[in-house]
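Student: Quick one: structure below, then a few questions.
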Amino acid sequence: MNTLTRSFHLLIPHRLSARLIARLHPLARAMSYESSISRLPSPLKDLVVTSQADVGKTEADKAEVAQWIEKVAEGEVALPDLETQLVPRTYIVSNYLTAADVALYGALHPVFSQLQPAQLYSTPAVTRYFDHIQTRPSFSSVSFDLASAPPIERKVDAPKKKEKAAAVAEQVEPTAVAPVSKENKSPEDKPKEKKEKKKDAAAADNGGKKKEKASTPAGGKTVAEDAGEPVPSMIDMRIGHIVDVKKHPEADSLYIEQIDLGEETGPRTVVSGLVSYIPIEEMRDKYLVCICNLKPANMRGVKSFAMVLAATSKDGKDGGVELIQPPPGCKPGERVYFEGPDYENALPLAQMNPKKKIFETIQPGAETAFLQDLEC
């Protein structure tokens, strides 16, 4: 990788040299894999060829792999655009490692080897992606010192004021209204009036109770607030039990699981890209850990309502991928948390805002602690 570091610099942080970054072209010309590979600089081309990575399992994937390699060859990749595209993805094309990932890794390597922790922290999705790809045995690793990185300043949107009704009232000109006598009221108006009086009385009696109940959650635990820097307690991790699993009819690399999470509504549908790494026989009847407060995502026509946690070997995916299994005796629905009163006594967010990248911020560089400190 030393020759690559000296001869090929594709991605440069926009705040360091914005003029050298080209925007992604939305209508990039389609090329074959061979012709796109031939346009890469020699060290990067050798890296992609010797990696023997998949060039695409379908015609659509092959075309997209060739298109990404062409973008790398022409320098048509920018960090901000790449960050946006990688937020919901594990790989740049489909759900498995391809030659496009190797080409991007080779282009990113000389940049990431020189970035400071604060710069790495500013693009959490790209950092996570690069760290994941570099676990392959033949790749040169870059060590990330994320512990010393400054916390991310996250701006919280100010609460919206209910001024809509007042604004409408100001726009309406006052008009004279004739008084309505009791004799002129229609039979339909009388029941409505009675219902409104009952609602007002009920609100007056129970208003205090509602406020008191909302401010004091069950068990005296503190509800996690979607403000400040991301903390692990914002993530809703629970024990799950796979009660059914099958392959996705429209995607060869995806499983569709029915996972019991101890909810009255029944099992959740979860889609995961583990077909290439874990046989379906090893998925059946498994207990595992799920993230349950991500925004539901549509995966090739099937909506997924959680995310399965899996671990990759230190030797890369060739060394094995396994489900994160809870200790014996855990039951579906039990919460999984990090050790410490700050985490144990806090409730997770109802749903994490994907724009604030809470999980993507916590995940990079925390793999070892993540697996060792979990308790249920």
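Placed from the backbone N, Cα and C atoms, the Cβ positions cover glycine too.
As listed in TrEMBL for this protein:
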- 182-202: compositional bias 'Basic and acidic residues' (COMPBIAS)
- 23-152: domain 'GST C-terminal' (DOMAIN)
- 231-337: domain 'TRNA-binding' (DOMAIN)
- 155-228: region 'Disordered' (REGION)
Student: Count the residues of the domain 'GST C-terminal' (23-152) that DSSP assigns to helix (H, G, I), to strand (E, B) and to coil, and report the three numbers in that order.
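Tutor: Residue counts for the domain 'GST C-terminal' (23-152) by secondary structure: 72 helix, 2 strand, 56 coil.
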Student: Kindly report the helix/strand/coil residue split of the domain 'TRNA-binding' (231-337) according to DSSP, in that order.
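Tutor: Result for the domain 'TRNA-binding' (231-337), in helix, strand, coil order: 10 helix, 44 strand, 53 coil.
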